Amino acid sequence: MLGEFVTRGVQIYEDLMKGTDPRLHSYPLMQSPFAMTAIILGYVYFVLSLGPWIMANRKPFDLKKLMVVYNFSMVALSTFIVYEFLMSGWLTGYTWRCDLIDFSDNPIALRMVRVAWLFFFSKIIELLDTVFFILRKKNSQITFLHIFHHSIMPWTWWWGVSFAPGGMGSFHAMVNSIVHIIMYFYYGLSAAGPAFQKYLWWKKYMTAIQLVQFVLVSLHVTQYYFMPQCGYQFPVIIHLVWMYGTFFFVLFSNFWYQAYTKGKRLPKTPEQGTPCIREENGKHAENGTIHTENGNIKVKAN
C-alpha cells in the first residue's frame, strides 16, 4: 500500500516536471524544486531557531556599512528587473490585458525568461533581510508577516517561472520590483545615518505603497475573468496571483488599521531640536521608540 502510494507520488512529480519550460533548465536552482525548498526550509530554521541560538550570548554585529551597500545594490537590481520586464514585453508588444506567454526562442521571449528567473532569484537574495535582523539581534522585527512573505514568494515564484515565464502573469513581478526600488531606497537612506533622517518623512506611506501594489495586481488579473476568449496558457497562475494580491492586501490592511486607525503604532518624525532617531535599514530606530519593517512601524515605550 505504502509502496504504491510512493510510486504514484513519484509518477505525478515526474509528469509535473515534464511540463516545465525547458528554456529554464540550465538556470541555477531550476532543475528541480528541491534545492529551492531546502534553501527556504534552512532559512526558516535559521531564523526561528539556529540564528537566535548562535547570537544569544553574542553582541550584535555592526552592519551599517554593509546595510548601505546591500540596500542600494537591491535598488539597482530592482531597477534593472523593471527595465528588463518593460523591454521584454510590457513596453514592446504587450496589451496589458490578455497577454500570452511566448514559448519560442526568439530574443525577446528569451529576454523575458531571463528576467523572470532573475526576479525569482532576487527573492532568494532578499532572505538576507531576515539574516541581517538576526545578526544585529533585531529579533522583535521578525514577525509572522515578514517570515511568511519572504518564504512564500521564492517558493511560489519557482513554480510560476518554471511553467509560465512571461505573459500577463508577470505583471505583478514588475509591480513588485517597482515597489522594491522605493523600499530599498528608503532602507538605504535609513542605514546611511542621522544626516539623512530629514529625507525620510515619507516612511508612513510605505504601507500605503504596498497596498496600492496589491490593488493593482488584483485588478490587472481580474480582467481575465471578463475575457472569456483569453487563451492564457496557465489559468491557475492567474488564480494564484489574484489570491496572492487579495491575501496580502488583507494582511497589510490589518497592519494599516492597527498602526494608523486604532493608533496603537504611530510614526514619529524627528523635529528640529529633538533627539535624532537613528535607523538602520529602515527597520529599527534606536532610542527605544520606533521599529519599522517594510513600512511597518511599531511604537515601543522607553
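Placement of Cβ uses the backbone N, Cα and C atoms for every residue, glycine included.
As recorded in TrEMBL, the features of this protein are as follows:
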COMPBIAS  277-286  compositional bias 'Basic and acidic residues'
REGION    266-289  region 'Disordered'
MOTIF     298-302  motif 'Di-lysine motif'
TRANSMEM  34-56  transmembrane segment
TRANSMEM  68-86  transmembrane segment
TRANSMEM  115-135  transmembrane segment
TRANSMEM  142-161  transmembrane segment
TRANSMEM  173-196  transmembrane segment
TRANSMEM  208-226  transmembrane segment
TRANSMEM  232-257  transmembrane segment
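When each of 68-86, 173-196, 208-226, 232-257 is checked for Cβ pairs under 8 Å to the transmembrane segment (142-161), 232-257 comes out on top. Touching of the transmembrane segment (115-135) and the transmembrane segment (34-56) is concluded from the presence of at least three CB pairs under 8 A, sequence neighbours closer than 6 excluded. Here the motif 'Di-lysine motif' (298-302) returns a mean pLDDT of 40 for the predicted model.
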